[in-house]
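To start, the structure itself, in structure tokens.
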Amino acid sequence: MSRSNRQKEYKCGDLVFAKMKGYPHWPARIDEMPEAAVKSTANKYQVFFFGTHETAFLGPKDLFPYEESKEKFGKPNKRKGFSEGLWEIENNPTVKASGYQSSQKKSCAEEPEVEPEAHEGDGDKKGNAEGSSDEEGKLVIDEPAKEKNEKGMLKRRAGDMLEDSPKRPKESGDHEEEEKEIAALEGERPLPVEMEKNSTPSEPDSGQGPPPEEEEGEEEAAKEEAEAQGVRDHESL
């Protein structure tokens, strides 16, 4: 009876073999439960399983002292994590893996809930730091890109200026040629008028004077009229 009473009295840190349905007797450690869990899990202990780093609430009937049951339940087993659990309970009984953080909320530590929050805060800080470093990296990457783009734009502008500069003399030369052609056309336009002026005396209908044959006929007619007038004057006498 005294032994059975002892089995029911476990304290935080005791090493045991814990039996769960569907699993062999597993190397485990008793963890102290918080006050909130004591009422809901009366007469039960929070157990941390070595190897798997999982936790469960078990009664005294499913717990067996490790040292007394080591020969009986400590035989090798093919279940995943069992061999690791046997090694941890012997060599590192106070192990606290990453998966054990959830059980730390119900462990012997008086500030279990603060630690995960601190870790989360650290994670956020790390995330922010990483984010800021990423942003800085982006800024650093963007600055050379901007410089390259600006240099590329300057090169393009310089190329455009070089391409435009030979075009401008061509355009000015084209304007000069066009002006010469216009001047030549303007110089050629008065020529037909001058030709017309020069050609008018040669035309028979210009009115400058009759041809020589007509002049001779007129002189003969004038002589005949003068002779006829003389005859008339003579007859009148």
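Even glycines carry a Cβ here, placed using N, Cα and C.
As the structure is a computational prediction, the values presented were derived from the model and not from experiment.
Scan Swiss-Prot for phosphoserine across S172, S199 and the hit is S199. Among the residue ranges 3-8, 75-80, 201-206, the one that Swiss-Prot annotates as motif 'Nuclear localization signal' is 75-80.
Between the C-alpha atoms of K80 (SUMO cross-link) and K44 (N6-acetyllysine), the distance comes to 26 Å. When the alpha carbons of K44 (N6-acetyllysine) and C12 (disulfide bond) are compared, the span between them is 13 angstrom.
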